[in-house]
Amino acid sequence: MKLLVVGSGGREHAIAKKLLESKDVEKVFVAPGNDGMTLDGLELVNISISEHSKLIDFAKTNDVAWTFIGPDDALAAGIVDDFNQAGLKAFGPTRAAAELEWSKDFAKEIMVKYGVSTAAYGTFSDFEEAKAYIEKHGAPIVVKADGLALGKGVVVAETVEQAVEAAHEMLLDNKFGDSGARVVIEEFLEGEEFSLFAFVNGDKFYIMPTAQDHKRAYDGDKGPNTGGMGAYAPVPHLPQSVVDTAVDTIVKPVLEGIIKEGRPYLGVIYAGLILTADGPKVIEFNSRFGDPETQIILPRLTSDFAQNITDILDGKEPNIMWTDKGVTLGVVVASKGYPLDYERGVELPAKTEGDVITYYAGAKFAENSRALLSNGGRVYMLVTTADTVKEAQASIYQELSQQKIEGLFYRTDIGSKAIK
C-alpha cells in the first residue's frame, strides 16, 4: 500500500521512515517534507499542509490507503474533517477533538469538569485583569498563550515583572497574533516533567513508552523555551506505579470526557505531565506526536507500524509491541540563534550510518549540488539506542564531536537528569 504523511519536520521524518519499514508498504509520500528525508527513500510532495483540497486530490490520484497527520496547526485547521468528508481515511483527531491542544482554556475546562489534576489557573483577554491576577498570586507563575505558538507560547516567569511583561507581549503587543489574544495564567508546579503518549480510537487507547523532553535552548535548562532540544525514552527513574496512576487519573478520564462532549478522539494524544509531591498533574495536552519525542519513541516500536495504524483506523485490536532494551536518546542540532533569529544555508555533515540515526527537520539541497544545507531553526537530530542513558549519551556526543557544525549548536546535557 501507499501512504501519505503530512508535515515537514523531524517528527514526520521519523513517522514516514518507520512506516516505510512495514512489509506491506511500497511507498511513503511526505507533503511537503524536507530534502533530508529523501536520503531514506521517502518521496516528497510539493503541497503545503494548508492546501487540504490539493492533498486530498493527491491522495485520491495516487491510491493512498490512509494519511498520517503530523503537525498541530493542520489538525486545528480541520484537515482530518476535510479528508473524512472526501471519503478518505486520516489518522489524527478532528478539529473539535484537537481543541484539547489548540485552546489551553478548553483543555483546562475539560480537566476541571472531569476531575483531572492540573495547576490552578485563570484565563484572560484583558491585560489589566491578567496583571491583577499575577500581582495577587505572585511568582513563580506561568503565562501561556491560549492558542498554538510553535511550542514557544509558554513563559515560566520567575518574577512578577517578567510575568506581567509576558502577558503584555501576548495581549497588547500581539506577539502570537490570535493565538495570544487570550492567555492562561497558572500556578507554577514543582517536580519532574515527563511525556506520556497513546494511540487512541474512542475509548480504546494504547500507551507508549514514557519520554522526557528538554525544552530550554541551553545546557542546565537555561534560555528560552524551544520546540525541544532532545529527549530520551523510557524515563528509567520513573516508577511504573506513577505511569499507571497517570493513565487511570488523567488519560482515561480525559478521553472518556471528550466522548461525552461529542468529540470522540482518533489519533495520538500527548499528555505533558509533571510528577509533583501530590502525584502526576497535567501541564498541557497535545493532539499529536511530540517533536522530538517521536524520534526516540518510534525506534523502540518492534511491531509493524503501518499495520498497527491500519488496525486502529479500522477499529480492530492492534498488536503493538515495544523493545524493552535499554534507552533511546536523541540530541537536536539547531541553527545558532534559535529559537529567535537564525541563519540558514549552513552546509550539513553527511548522514550518519549504523547505530546512530539522523532525522532531518530543516534541510534542503544546495541549488547546484547534493550538499544538504540548514533550512530551519531545528535542523536535524541524532538518535541511538543503548543499554543505559550514559552509553547512549556517549555514542551521540562522540558522533557530534566529529561533525563539522559551524553555525549550528546543540545541548551537551540531554539525558543527564536520568544519571543519578
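If you go along the chain as it appears here, the first residue is 1 and each next one adds 1.
Cβ atoms are placed via backbone N, Cα and C, with glycine included.
Note that the structure is predicted; figures quoted are calculated from it, not measured.
The domain 'ATP-grasp' annotation in Swiss-Prot covers 108-314 and is backed by sequence analysis.
Annotation comment: Swiss-Prot describes 134-195 as ATP binding site. The Cβ of Glu190 (ATP binding site) lies under 8 Å from the Cβ of Thr276, Ala277, each of these being in the same chain and 6 or more residues away along the sequence.
The Cβ of Asn286 (Mg(2+) binding site) has Asp72, Leu100, Glu101, Ile269, Tyr270, Gly272 as same-chain neighbours under 8 Å, each 6 or more residues away in sequence. What Swiss-Prot lists as Mg(2+) binding site is Glu284, Asn286.
For the binding-site residues Ile134, Val142, Ala166, the greatest number of Cβ atoms within 10 Å around a candidate Cβ is found at Ala166. Between the CA atoms of Ala166 (ATP binding site) and Glu284 (Mg(2+) binding site) there is a gap of 19 Å.
It is Glu158, among the binding-site residues Leu150, Glu158, Arg182, Glu284, whose Cβ has the fewest other Cβ atoms within 10 Å in the structure shown. Taken together, the residues in the domain 'ATP-grasp' (108-314) have a mean pLDDT of 96 on the 0 to 100 scale. Ala166 (ATP binding site) carries a helical DSSP state (H, G or I).
According to its DSSP assignment, Arg182 (ATP binding site) is coil.
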